[in-house]
Structures are given as structure tokens and as C-alpha cells.
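Record features (TrEMBL):
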type: DOMAIN; residues: 8-407; note: domain 'Major facilitator superfamily (MFS) profile'
type: TRANSMEM; residues: 7-30; note: transmembrane segment
type: TRANSMEM; residues: 42-61; note: transmembrane segment
type: TRANSMEM; residues: 73-92; note: transmembrane segment
type: TRANSMEM; residues: 98-127; note: transmembrane segment
type: TRANSMEM; residues: 134-156; note: transmembrane segment
type: TRANSMEM; residues: 168-188; note: transmembrane segment
type: TRANSMEM; residues: 209-235; note: transmembrane segment
type: TRANSMEM; residues: 247-267; note: transmembrane segment
type: TRANSMEM; residues: 276-298; note: transmembrane segment
type: TRANSMEM; residues: 304-323; note: transmembrane segment
type: TRANSMEM; residues: 344-366; note: transmembrane segment
type: TRANSMEM; residues: 378-398; note: transmembrane segment
Amino acid sequence: MSRTQIFTLISVASVNFGSMICYSILGPFFPNEAVNKGASQTAIGLIFSCYAFSNIIGALLMGTYIVQIGAKFMLVSGLFVSGGCTIMFGFLDRAPSGTVFITLCFIVRSIDAIGFAAAATSSIALASKVFPNNVATVLGSLEMFTGLGLILGPPLGGWLYQAYGYELPFLVLGCILLLMVPFNIIVMPSCAAEPSENSFLQLLKVPKVLLICFFMFSLSSGLGFLDTTLSLYAIEKFGLTPGYVGLLFLGVSLPYGLSSPVFGFFADKYPTSRRWFLILGGLLSGLCFCFLGPAPFLHITSQLWLLIFLLCVIGFGLGLSLMPSLPEIIAAAHEQGFEDGLSTLGMVSGLFGACWSMGMFYGPMMGGVLTQHLTFEWAATIQGGLSVLAATLLGLYYQYEHLKKRR
């Protein structure tokens, strides 16, 4: 690798790790603190969901104006905003209980999400620009740092909260993000580019891009579904403590983080395999959701070892199907005449982030509604059906495309 590639990789890895560890620290202790400050369960759920909603808006805006703003400036300013908001969130325990506390949580969390969207969109675009022939490999390698942040965030946040109180977890991790600002100013190379005449609307008019976006939405909604339903199901069904429930989530994140670089490498080395990775990964994840309950019509008794095994396979399926998604969208855009530059990469990475956030917004909300009105078993089956539907539609399109080329 060249000096520029090495520095870009280090910079983007630090962004992924720092952002994810700050995003994931809330889980172990914030809901309980929010209840003590007068927030209802619905309000707590909306505080978590507003992050994903703001991320959708932020990713689309940043992807559109990445060239005008400048990719490097967007990255460091996004880190600065996210770090500052993380620190501010640590002082919200001093706000008056009730409406004031809830409103401030919404405001700070939403601004934090926009800062994260700026950093994530620019980092993906820069990595794709610097590694044009190894997008999936680089994305897979960087997802190891994303997974590491998601794994370390909850236990680190819980330990700091238990030992030193509410404020310190946010102060420590917010300062880490702020320290990354001067680091990335020094390390991250600048990347000049000309604005493109293409738009998100033109990109979404490409059938393959639209189907891959729906496919990514189905994958991320599955993860969001697990965030709000798995812990309650495991505690009720198997009598697990919250500590052991936290370990269950490693069943998804660990196989995903470990398998992503491998599948990314093969997706770059053998481009024709990408479509098979997408379809097989989507079908595998969807079918595992159907067995997660398991589905009532299967008449299988739910067991803890089966639940853990299926979560591991879901994580493996995510790595298999998500790594080829970004290079497939980039290739589809180039086939439609989009220029090979930072502007197109910014749009693609913004669309990628927005679709993922849409699923993370939809998944928790719909998971809670379905579980409340049906059961976890039926809710997981419906969620699995969405992934199977997305993978099937994508497979049918690839078959149509193949027949069209043969003619």
C-alpha cells in the first residue's frame, strides 16, 4: 500500500471504532436513568430511534454535498460535532426531570447523528476513492473495527457508569472522539474533486440499485428488530440475567466482524461471485430469523443452544451479504454513466448509510409493535420473510439481467 492508502485506512478505522463505541454505550444504563428522570418506555424508544432518523437525513445531505463541503473537512467536523454531543449528553442528568430532559435528549442525540453521518459518509467515500479496486476488502477490514466498537461499547460504558456514575462514560468517550479531530487533520489526505451533475434520484432510478437498497434495508431492520425484542424474549423464555443477554449479542457481532474481511476479499477478487454472496447471505439470514422463535408452524421447541447458533449464523450471513453491496452499487452507477469520482462515491456512500439507517429506524419500531400484538415467534418469522423477499427479488433481477445479456 502507498503512504496515502495506509494513512486513509488508519484514519477511517479510527472513525469507525470511535463512533461505534460512543453509539453503543447507552444500552446498559441509559434506559434506567431515563426512567428515573420521568421518561416513559415509549419516549426512551423514540430517543433511540431519533438517532437513526436523523442519520437518514444527514447521510443523504452529506452524500449530496460532499464535494462542495470537502470530504476531509466533512470528516473532521463530523467527529468534532459527534464528540461534543457525546460530552453534552453526559451532563443531561443535571437537566430538570420530565419534558425538559426528554427534549434535550432528542436535540443532542439528533445533532450527534448528523455529525456521525458526516464522518461515516465521507470516510466510506474516501476509502472507496483511495482503494478503487478493493472496495469490498477495505470495507470488510474496516467492519472489524466497527464490530470491535459495538462489542466494547456496552461493557465499557456499563463498567464506567457502575464505578464512576452517569457522566464519566460520555466524558471519556467524547474526549476520545475529540482527540481524533487533530489526528485526522494530520493523517487524512485531502481529496479534491469536481461536483457531479448526477443526483440521488437518478441513482435510485437504476433497478439494481433500488433492489440492493431494499435488500440492505431488510438486513439492518433485522438487527434493529433484535435490539428491542431479543433481550426481553431471552429473559422471559430462558430466565437469563441482563449480563448474559449482553453476551447473546456477541453471537451476531463477533461472526460478522470476523467474516467480513474474508468475504470482502473474495468479493473483490471474484466480482462475479458478489451476486451469489448477496442472495445466499440474505436467504440464510432470513431463514435463521424464521427458526429464531422458532416459527409456530414448524412445531420446534425453543432451546438456548439453538438461539445462540442461529444468532451466529445471522452474523455470518450479514458478513456474506453486506460486503458486496457497496461495490455492486458503485458498479451499477458506473454502468449507467455516472462519472468515476468522489461526487459519485459520496452519493453512493450517503445512500448506503441512509438505507442502513432506515432499517435501524424501522426494525425496532416494527419489532416492538409485532411482538406486542402477536408473539416474538411470529414477529421474528415476519422479519425473516422480509429478508427472504428482498433476496428473492434481487435474485430474480440478476436472472433477468443474465438472460437479457445472453439475448
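Glycine is no exception: its Cβ is also placed from the backbone N, Cα and C atoms.
Bear in mind that TrEMBL entries carry predicted annotations, made automatically and left uncurated.
If you look at the transmembrane segment (344-366), the same-chain residues 6 or more away from its ends with a CB under 8 A from one of its CBs are 45, 48-49, 52-53, 55-56, 59-64, 66-67, 71, 117, 120-122, 124-125, 128-129, 196, 198-200, 203-204, 209, 213-214, 216-228, 325-326, 329-330, 333-334, 338, 383. Touching of the transmembrane segment (276-298) and the transmembrane segment (98-127) is ruled out by the presence of fewer than three CB pairs under 8 A, sequence neighbours closer than 6 excluded.
Simply put, out of 7-30, 134-156, 209-235, 247-267, 304-323, 7-30 has the most Cβ pairs sitting under 8 Å from the transmembrane segment (168-188). Taking every listed stretch (7-30, 73-92, 134-156, 247-267, 378-398) in turn, the largest tally of C-beta pairs under 8 A with the transmembrane segment (209-235) is reached by 378-398. Using a Cβ-Cβ cut-off under 8 Å and counting only residues 6 or more beyond its ends in the same chain, the transmembrane segment (134-156) has close neighbours at 9, 12-14, 16-25, 27-28, 124, 127-128, 169, 173, 246, 249-250, 253-254, 256-258, 260-265, 267-268, 274, 319, 322-324, 326-327, 330. Note on the transmembrane segment (42-61): residues 23, 26, 30-31, 34-35, 102, 105-106, 109-118, 120-121, 200, 224, 227-228, 349-354, 357-358, 360-361, 364-365, 368 of its chain, located 6 or more positions outside it, place their CB under 8 angstroms from a CB of the stretch. Among the stretches 73-92, 98-127, 247-267, the one making the largest number of Cβ pairs under 8 Å with the transmembrane segment (7-30) is 98-127. In the predicted structure, the domain 'Major facilitator superfamily (MFS) profile' (8-407) carries a mean pLDDT of 80.
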